[in-house]
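J.: Pulled the feature table from TrEMBL, pasting it below:
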DOMAIN    B:1-95  domain 'FAD-binding FR-type'
BINDING   B:62, B:63, B:64  FAD binding site
BINDING   B:222, B:225, B:237  [2Fe-2S] cluster binding site
């Protein structure tokens, strides 16, 4: 009888909603061994076609099966320098695991959980040694230290390049440190993975805002032979409805940056404050909205509404995050669209006026657009409103880099290798695609690294 | 790390640092600011670049001790270092020859006014400056402002130095007397900048203010510093910090600045009885 897919041990909802500790606790050795034994070790390995960074999945699972956990992690790191992160935040259900042969008749192998197990076990043992590298003397500058930039940097360092990463904030990691909360991705793990990239020889310069402190042209003038732009899509969108500037209204970026990067959940030991009222409304249906809603609960909000204008089926958030949010008590207000935020005389939020929506006919793209139900206005008595309706690319780099072609949406135009309209300037991740996933940004970083190696030579 | 090379007390609770920051010194322009963090546990706070020396690779920061972080900053000495310093941020002041420019600085706002006024002067403008403070002890950069101004007015609330009254008083008189003013640049407490805007509005004199909303990243990624300007939302850190004073929603800005007052009191444990949040 075939083994069943091993479930992931988790903190119980009632307990975890009061702390910022990680929700998913990771496999025990026994669970990892049992799960790894389910892999059929297919020769064709269709799972690999679903991995944007081409990890040799059957090979690392075989190593786990043999109890060689460090070797399994090293096998992953041949292709992916950030396995503890990917194992946690990749949507495996739509990537590697969706191609697993076992998934046709039952549950696919839990590839992400095994990747996480291998990486965590190696890190806890502290035995990871970066490979010996020969240097080719060529210099590449990376703009932004999020998943795209770190992956590009790691790959180029492995290929012998001298790589410097420039980061605007005081800590590297991009959305991994300011966006994704501690309870989904502990920051100590992000720092450990970034330390590994540093041990590959990558220099990381924080507090450098490319476009302000230095321009892309300055980087070439300083002797860098290629530049990769991985500056992300970090500019928050607002709804442009009345009342958005009232106290108690946040962009999800601000709310999450205060809590994650600045550790406002530990105020006053950490001096950055974050305001949270008793009743919070989070607007949006993506992973960022789930993160913001679950963070609001952990900060002590008694009621948290998730306000989304379509139905649950259209939500872009991962299934797992939606389930976690529901278990923790987030109340889903679906087919609901805010039209106005009301405030007190002192300028604080005291209500969110919404319209009930219904799904109309499918549009040209096949998606059913929400249309308001006339006269359905109602109030949510929210005292905190968090906008998580998406981000756009920050225009700073396009504005200060002559000759860089961008789309009307502000994303940088690249070819299939990540090459921009400027010679030796490459780009990838959210600055090219608009807000997308960690793993797609990593795939873009990897493609650009390949193209840079082809252009500059070994 | 960014080493503090020099520390000077300009007034009780107002301090000046000269900080080693070669990359910022190379690029910065009048009107721009930095975000700093003192140490690993620190918060990010914005401070205007009050001066710079490109050859020496230094910038000058002037700050008033008003809360937890600025007091901690005030306890540092020459030789100590700041952990993080990012900049130059924000748009630079638009400098050209306008004719007669009136530069108004209130309290600690004189610090950011100084490099701007100097740049206007260097561009060939007639610079009339008005600087003010609550009392003589709190008045800063008087000598520096005198050096680069064609005319300098000084006001104090209590009359302990210069004229007794507000910085808008000399401005009102000039406008009433029909003096030709091509531009007014005002930096100080929001209530002061709002008053300047109301004084110049009926005369149609173009007036610029540098806004000081709450900031976190300072690079346009959070919108914490948003202000309504001409009924459109702007992010002061990237679209400003300078805006047309006649279009700014000052009342909205003042309300947003109070967002964390109760937290700030808790943080430096004064229980709200101190004068730091008046």
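Each residue, glycine too, has its Cβ placed from N, Cα and C.
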J.: Return the binding-site residues from the list B:62, B:64, B:222, B:225, B:237 for which some CB of chain A is under 8 Å from the residue's own CB; sequence order; 'none' if the set is empty.
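T.: Listed in sequence order, the binding-site residues near chain A are B:222.
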J.: Provide the three-state DSSP residue tally for the domain 'FAD-binding FR-type' (B:1-95): helix first, then strand, then coil.
T.: 13 helix, 46 strand, 36 coil
J.: How many Å separate the Cα atoms of residue B:62 (FAD binding site) and residue B:225 ([2Fe-2S] cluster binding site)?
T.: 21
J.: Measuring Cα to Cα, how many angstrom lie between residue B:64 (FAD binding site) and residue B:222 ([2Fe-2S] cluster binding site)?
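T.: Counting only the Cα atoms, the answer is 25 Å.
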J.: For residue B:222 ([2Fe-2S] cluster binding site), just count the other CB atoms lying within 10 A of its CB, please.
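T.: Around residue B:222 ([2Fe-2S] cluster binding site), other Cβ atoms within 10 Å: 26.
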J.: Work out how many Å separate residue B:222 ([2Fe-2S] cluster binding site) and residue B:63 (FAD binding site) at their Cα atoms, rounded off.
T.: 24
J.: Across all chains shown, how many C-beta atoms besides its own are within 10 angstroms of the C-beta of residue B:225 ([2Fe-2S] cluster binding site)?
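T.: That number is 27.
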J.: Which of these binding-site residues has the least crowded Cβ, counting other Cβ atoms within 10 Å: B:62, B:237?
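T.: Lowest Cβ count within 10 Å among the binding-site residues (B:62, B:237) is B:62.
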J.: Non-local Cβ contacts of residue B:63 (FAD binding site) (under 8 Å, 6 or more apart, same chain)?
T.: B:14, B:15, B:17, B:47, B:70, B:73, B:74, B:108
J.: Report, as a single number, how many Cβ atoms besides its own are within 10 Å of the Cβ of residue B:64 (FAD binding site).
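T.: For residue B:64 (FAD binding site), the count of other Cβ atoms within 10 Å is 20.
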